Amino acid sequence: MSQNKTLTTASGPPVADNQNSRSAGPRGPLLLDDFHLIEKLAHFNRENIPERRVHAKGSGAYGTFTVTQDITQYTSAKLFDSVGKQTPTFLRFSTVGGERGSADTERDPRGFALKFYTEEGNWDIVGNNTPVFFIRDPLKFPDFIHTQKRLPQSNLKSAQMMWDFWSHSPEALHQVTILFSDRGIPDGYRHMHGFGSHTYSLINAKGERHWVKWHYKTKQGIKNLAPADAARLAGTDPDYAQRDLFGAIERGDFPKWRVCIQIMTEAQANAHYENPFDVTKTWSQKEFPLIEVGELELNRNPLNYFAEVEQAAFGPSNMVPGVGLSPDRMLQGRVFAYADAHRYRVGTNHQQLPVNAPRSPVNSYQRDGSMAFGSNGGAAPNYEPNSYADAPKQAPQYAEPALALSGAADRYDHREDTDYYSHAGALFRLMNDEQKALLINNIAGAMAGVSSDVVQRQLQYFFKADPAYGEGIASALGVSLN
């Protein structure tokens, strides 16, 4: 029989009594020299870190990415250098608008943030369960997220401000259509697709760049929750998706996704009739078919939620040689915003935490800061250039190829492309009658109580996408088409 562990303070000395505070006599006041009590209360006061401003409610798991098809003609990234090669991963799912204690069965996009622990460093693809987003320009992101949160005065959610924003943002229509479709409430995290959403880039050994979209196709099959079931679960089991994911992995029913890409050459992008870097639109799979890359499997639950899920930090700025960014405006905004959020929320040295630490060597000149641990660079120099032969040196061979740009610096109107409607209309026409009816009823229910001016403005967008789309919602809302 194993020996019992001795309880200690955070500094290591043993604790003699964890039941009774020190006091002046059995009925007297407590004593300030009870360092165990003081430490315990002080640490308790500081247990929470700021929750994520978005994607606060989340679940995570470790897994493995396995290469199934050769794509070395597109990328020199070493994790893809041979078929069958495996790379450890960590995947965090989430809702977007809700707080940490909210239900994970709400109608909301789901975050799909994937970290690859590669031999060249960490690579993150920070996506969602939808291929598009509500806005094109990160300048509008704080405004949009405010509409998904709570009113400043009452601290209540508001359909009015949500639809008011969308009715002034016609580019949101494609994502709105997806959100209120049957896929707007996935049945847990295992039964939904994932997407990188943004356009990224791949760079091969010749220095050639291709634009890429990432897709994760669930092998468990798509399953969604009916609104009534989702509402019931929100009251009876608000952690339904977390429970489902954790339980499946614990019993060995490991969820898997088929990983695919779409590829577009730079020449194709330059000549394309649509902006391939517009995250409110998808690429045609007829024009740019899916190419299988590999398989993602989740096979290990975290041992501690706070340490490994709450403190997990993902960012599109985490890249390895052979992958890169694109002129996608939202992606470029996220490159700053995500890393900055982690510095505020988790700390300056968040990359040193085990869940965020790369499995490859780290050789940088960054030093000190809050909660720096390990050797902190030891006695090595903390400046560059320097005269030390064994100090880290830049590696020009990993430079990305030049990207040709044109145009004067200005604030260009990102709404000059006025086609906000064709993609939403095409999606509506792909739906069967049952799916269309569900979409219309979901939207009409969500618009109940919204002011008539907002309803009228939003209805115009539905009509422009497809007359039947607009007519159905107008009828469900009891709005006269006259």
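Just so it is clear, glycine is given a Cβ too, placed from its N, Cα and C backbone atoms.
Range annotated as region 'Disordered' by Swiss-Prot, chosen from 1-28, 197-224: 1-28. A sphere of 10 angstroms centred on the C-beta of N128 (active site) encloses 24 other C-beta atoms. All protein chains included, Y338 (heme binding site) registers 18 other Cβ atoms within 10 Å of its own Cβ. Around the Cβ of H55 (active site), the number of neighbouring Cβ atoms within 10 Å comes to 23.
Taking DSSP states H, G and I as helix and E and B as strand, the compositional bias 'Polar residues' (1-23) has 0 helix, 3 strand, 20 coil.
Here the Cα atom of Y338 (heme binding site) is found 15 Å from that of N128 (active site).
Between the CA atoms of H55 (active site) and N128 (active site) there is a gap of 10 Å, rounded to the nearest whole number.
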